[in-house]
Amino acid sequence: MQLDNILSQLFENQALTKAESQYFFEQVIQGNVSNEQLAGALIALKVRGETIEEIAGAVEAAFANATAFPAPDYAFADIVGTGGDGQNTINISTASAIVAATLGYKVAKHGSRSVSSKTGASDVLSALGINVAISPQTARQALDENNLCFLFAPLYHAGFKHAVPVRQVLKTRTLFNILGPLVNPAHAKRQLLGVYSPEVLKIYAETVRSLNHQHSIVVHGAGLDEVTVHGETLVAEIEHGEIHYFSLTPEDFGIQRHSIEALKGGEPAENAEKITALLQGKGEAAHIDAVAVNTAMLMRTFGERDLKANVQRVKDLLSTDKAYQTLQNLAQYQ
């Protein structure tokens, strides 16, 4: 396969096969593609619209070149958002991962520093005293013993650094933004995946299906890359190779509505303070409900289908400080 041929195809508005896309992105990750070539390719893909085969090929390239994580044989999930919704809310999926782990569900959360919001998952975890840059073996130990680990994307996908200069100059969403949530190095086959726009719900759902996930749920919540407490959440549930599309309201979870303003966050220290209060059993009502609906949905990927019952379990837990203990335990893994 020739790099020049692939670039020519892209510039002639032709879609790549999965194998061609994988080859191209392996070259990118290995540092064999110039900034000019990469910029041209990413723009060509974006303007035409990336196909499922092209995204899946890029995912396979990322996995083929990633630092290995010793994947467990037990059931575990990931909870992640694409980011880029522009709303600067508190880190709901990070808090939900800690809560789910406290309830006994194993979560290997993949994430990175903030790209578009003030505070990404690793930013808030660092502010909470967690070392996000632990080795794969230590992370696996944390997952085994404490039901929770955080996999810091730059440690596992070091080759993505070759795309950083181009991404910074382009300042627009590219295929790399699509990739982030799909390349968990633990190869999670259960996932709650929040997306920044209703337009990309279907492409994510179909890509997740092509990656043979066991039970994953893609959501967009009225402007948020989360299940929302202020409006309708659009859902694509992928199970046994089938996709079911439906929508949910806060009432379907048995909670009252809250304004999006009630979920606003800020710098890492501010978000860390709010999450600490929540985990200690002193959370604000809107924060409790936002984490409850997202954790409830994550529990569903483990077969816990009753969303109202799931929410109640979370709310009962968040009236105690047990989830804070999980966070403190996680801080011991250095």
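Cβ atoms are placed via backbone N, Cα and C, with glycine included.
Swiss-Prot has this to say about the protein:
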- Gly81, 84-85, Thr89, 91-94, 109-117, Ala121: 5-phospho-alpha-D-ribose 1-diphosphate binding site (BINDING)
- Gly81: anthranilate 1 binding site (BINDING)
- Ser93, Glu226: Mg(2+) 1 binding site (BINDING)
- Arg167: anthranilate 2 binding site (BINDING)
- Asp225, Glu226: Mg(2+) 2 binding site (BINDING)
CB contacts for Ser93 (5-phospho-alpha-D-ribose 1-diphosphate binding site) [other CB atoms within 10 A, all chains]: 24
Those binding-site residues listed as Arg113, Arg167, and which of them has the most Cβ atoms within 10 Å of its own Cβ: Arg167
Euclidean distance between Cα atoms of Asp225 (Mg(2+) 2 binding site) and Gly81 (5-phospho-alpha-D-ribose 1-diphosphate binding site), Å: 6
Residues that sit under 8 angstroms from Asp225 (Mg(2+) 2 binding site) by C-beta distance, when 6+ apart in the chain: Gly81, Thr82, Gly83, Gly84, Asp85, Gly194, Val195, Tyr196, Val219
Other CB atoms, at most 10 A from the CB of Gly81 (5-phospho-alpha-D-ribose 1-diphosphate binding site): 29
Neighbourhood of Glu226 (Mg(2+) 1 binding site), C-beta criterion under 8 angstroms, separation at least six: Gly81, Thr89, Ile92, Ser93, Gly194, Val219, Ala290, Asn294
The residue listed as 'anthranilate 2 binding site' versus His110 (5-phospho-alpha-D-ribose 1-diphosphate binding site) - Cα distance in angstrom: 20
Assigned element (helix, strand, coil) containing Ser93 (5-phospho-alpha-D-ribose 1-diphosphate binding site), judged by DSSP: helix
Position of peak Cβ density within 10 Å, selected from the binding-site residues Thr89, His110: His110
Pairwise Cα distance for Arg113 (5-phospho-alpha-D-ribose 1-diphosphate binding site)/Arg167 (anthranilate 2 binding site) [Å, integer]: 15
Secondary structure at Gly81 (5-phospho-alpha-D-ribose 1-diphosphate binding site), reduced by DSSP to three states: strand
